[in-house]
Amino acid sequence: MSSRKTKDFDEITAFLGDYGSFQILMIVLLSLSTIMCGYTGMIVVFVSDTPEHHCKVSINYTRNATDVEVSFRNQSIWIGSNSCSRYTLNRSSTEAGEHNDTEPCLDGWVFSTERYTATIVSEWDLVCHNAWMVPFTTSLFFVGVLIGSFVSGHFSDRFGRKPVFFFTLALQTFTPLIQATSVSWLMFCILNFLRGLGQISNYIASLILGSEMLSPTARMSYALLGHSVGFGVGYALLPLFAYLVRGWRMLLVASAIPGLLFIPTWWVIPESPRWLLQKGRVEEAELIIRAAAKRNQVQAPEVIFRADECLELMQNTGEERQTYTYLDLIRTPNMRNITILSVLIWTATSMVFYGLSLNTSNLNGNVYLTCFISAVIDIVVYVVTWMLVNRVQRPTFICSAMMFCGIMLLVIKLVPEGVYSKILPYIVFGTISIMAAAVSMLLPDTRNSKLPDLISQAKHIRGCCYKKETATAPSDLMAVVDSSAV
């Protein structure tokens, strides 16, 4: 008896085509979901911005001069102020125009409402000795992002891509609504952590779900022209909403609207058939593919997933089922090297991207326009990347992009200083970007490669040779770590 040749998922489902009605629907819906991720990820630029402010003076008596405020209280006078202190003078000193000592802003602060009606800074007086609370708030958001990056893949492997996608969508939707009612800075911080966890988890889940359902050609378009551009659109919509809604509470409420509109798509977006196969749920996987074939108006084979054709896809089922952990990403030499390189590059990329994006409020000029231009550039870069990514070796492309970024950040030092002379972050970002560019050349080129279903199918890094690896873990996490499909 002749044995049938083993096929991978893409070969088995090739009859669906690349851009049928089913694929276009999935690309559109999953891409729209990332709009909220882009909006939420950058909202801190406006919610946590520090308006211009000065010390509040006593109300007992106030005399306004050209640029000073004089107030009498007991036998002393407070005249003028900066952001964290105010002058104290005696009556005789005032007449002579002589300044005496300074003291903290005992009566609080007055915040400008020219740009915002309120931010969390003006809400809870997060300035001067409390100024550390502002970056700490942002740090907690990214602690949530860090933890979400670790746990979302594991939960997706265990419970399925669709449940995790919609659970994190709900988390990202309802957390800002509750956060908008915060009565204290502590409450806001806790919810900020949950918002970060939901944001990145939803972003990763949607990327994996779409990548596993689409063909290699459609997968590339989805990842860059759909998923990434959707994030950029959300980023671009943020300054427009922030300009119209000047208060931080309503800006958070506005961020929940897309999520509320998206919840009904639970009945439209299916589970990943690739994941169902790896769990041995063949009948469910076939039902999804047949529904896709019907929507695309193509004829499906009588039996789509033959046992003798997709043994590798289903070998992690039954009595021999094995549970894999993150340790499998460092168990073999090749996977260990790929994991380490990927972590270094993604750390550098995230640090530079968010470091620059969240710094827009500190730049000269209109913060709304600056943020919008940053988002538009982001979208343009995604489109350019889509045009070049299959024409240039990917390690070379990554290296060139990060090297260019690093050099541009370093030469910023040569530009004449404006109001803000804070060049150190740019030097740090530039150096890190160049270092990441160098190590990226060790990554394997995954152009025109199939999405691996097993860890053993991962390509070797450049300049190293290894013995054939026998580990056969599912490639669920590989969709994020190696990004072979993207």
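Cβ from N, Cα, C; glycine included.
From a predicted model like this one, the values you see are computed outputs, not experimental measurements.
Listed features, source TrEMBL:
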TRANSMEM  21-47  transmembrane segment
DOMAIN    26-486  domain 'Major facilitator superfamily (MFS) profile'
TRANSMEM  132-151  transmembrane segment
TRANSMEM  163-179  transmembrane segment
TRANSMEM  222-244  transmembrane segment
TRANSMEM  250-269  transmembrane segment
TRANSMEM  338-355  transmembrane segment
TRANSMEM  367-389  transmembrane segment
TRANSMEM  396-416  transmembrane segment
TRANSMEM  423-443  transmembrane segment
Other parts of the chain folded back onto the transmembrane segment (21-47), taken as Cβ under 8 Å at six or more residues beyond its ends
116, 119-120, 137-138, 141, 165, 169, 172-173, 176, 195, 199-200, 202-203, 206, 209-210, 213-215, 218, 221-222, 226-239, 241-242, 248, 251-252, 255, 258-259, 262, 265, 268-269, 291-292, 295-297, 354, 357-358, 360-361, 367, 371, 375
Would you call the transmembrane segment (163-179) and the transmembrane segment (367-389) in contact, using three or more Cβ pairs under 8 Å, pairs 6 or more apart in sequence?
no
Taking a Cβ cut-off under 8 Å, which residues six or more beyond the ends of the transmembrane segment (250-269) line up next to it in the same chain?
25-26, 29-30, 32-33, 35-36, 39-40, 43, 46-47, 162, 165-166, 169-170, 172-174, 176-177, 179-180, 209, 234, 241-242
Hey, which bits of the same chain come close to the transmembrane segment (222-244), Cβ under 8 Å, at least six residues off its ends?
26-28, 30-43, 45-46, 203, 206-207, 210-211, 214, 251, 254, 258, 357, 367-369, 371-372, 374-376, 378-379, 382-383, 385-386, 389, 485-486
Arithmetic mean of per-residue pLDDT over the domain 'Major facilitator superfamily (MFS) profile' (26-486)
79
